[in-house]
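All remarks here apply to the structure that follows.
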């Protein structure tokens, strides 16, 4: 029957990159077709022509009757059926291997470009850890839960291969029925030149051959059913994915409060600068903002005191103002806190200059009586 190892190796590679139904179909092809055909069908049909006997002595009549009864041997017909049915899967395997190689080359180029960029930037750690980009086996499918997801042109090639092998199965089943029918007859009447009259011819082991023919027809029908089931499986799976994608809510419709939550957490993770605590420390040991309401209240008090001094100066004159004493304000622990007002500031009648009218701090040229 020949060596089937070459075809078997290719079909093993196809088995790695097939769906669940496709793996069952390949198992049926291996066990119930190739194995049975190679072990049982060969010896059964080996003596077919030699045991085909006709009751005539006319030279050549027996040969032309056998040619009319069996235009092609059953075994050779089934071998052609296996080859034609397996060819679409082999084409798909070639496309898959080509896609894998192209993906490997693309990944290799990206790794080499990244290595060159890191080398130019002078990253010694990257040069020590990743000196050369290694070639790794990549896959064009994502495995989630043990299932293989086909995409893009690879999915189209896989679907076309299933359609072609389904058409081949139907064609060979119909062709076998047209050539031989369903069962072999024990007696075959031949009317063909150079036979001078109708000749009776006899087929060897017709019952055993009929059992084998029925078995091969059943396997062909099973393979056809598996191909249709695989098409339905792929179609239902893709339709389900599209429906789930259509009913899936878009990110724009999500509540905004959920989006702002991570931003608050990110803001809390930022650390302040080193000198930030000095501006927040107050004499009482509490943390206040440098622009708090207390500081604004002190500034308003200073402005009110300045206006009060002006009003008292207009009423009483400049005499009492020269008798007042001015005391320096104590140092403030915080650099950002507002200085405290002196106790005698509210009784002071000294006229302020235009430059110092807006400020309450003591100057170096102020008089002290």
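Count begins at 1; order follows the chain as displayed.
Glycine residues also receive a Cβ, built from the backbone N, Cα and C atoms like all the rest.
Look at Swiss-Prot and you will find 2-19, 98-169, 232-369 tagged as topological domain 'Cytoplasmic', backed by sequence analysis. For 20-40, 77-97, 170-190, 211-231, the entry in Swiss-Prot reads transmembrane segment, with the evidence type sequence analysis. The annotation topological domain 'Extracellular' is assigned in Swiss-Prot to 41-76, 191-210 on the grounds of sequence analysis. Swiss-Prot lists 347-369 with the feature region 'Disordered'.
Taking DSSP states H, G and I as helix and E and B as strand, the topological domain 'Extracellular' (191-210) has 5 helix, 4 strand, 11 coil. Cβ atoms under 8 Å from those of the topological domain 'Extracellular' (191-210) belong to residues 44-45, 47-48, 51-56, 58-62, 64-66, 68-69, 74, 183-185 of the same chain, restricted to positions at least 6 beyond its ends.
Within the chain carrying the topological domain 'Extracellular' (41-76), a Cβ under 8 angstroms from the stretch's Cβ atoms is held by residues 1, 179-180, 188, 190, 192-196, 199-205, 208-209, 212-213, 216, all 6 or more beyond its ends. According to DSSP, the secondary structure content of the topological domain 'Extracellular' (41-76) in residues is 16 helix, 2 strand, 18 coil. A mean pLDDT of 65 is what the model gives for the topological domain 'Cytoplasmic' (2-19).
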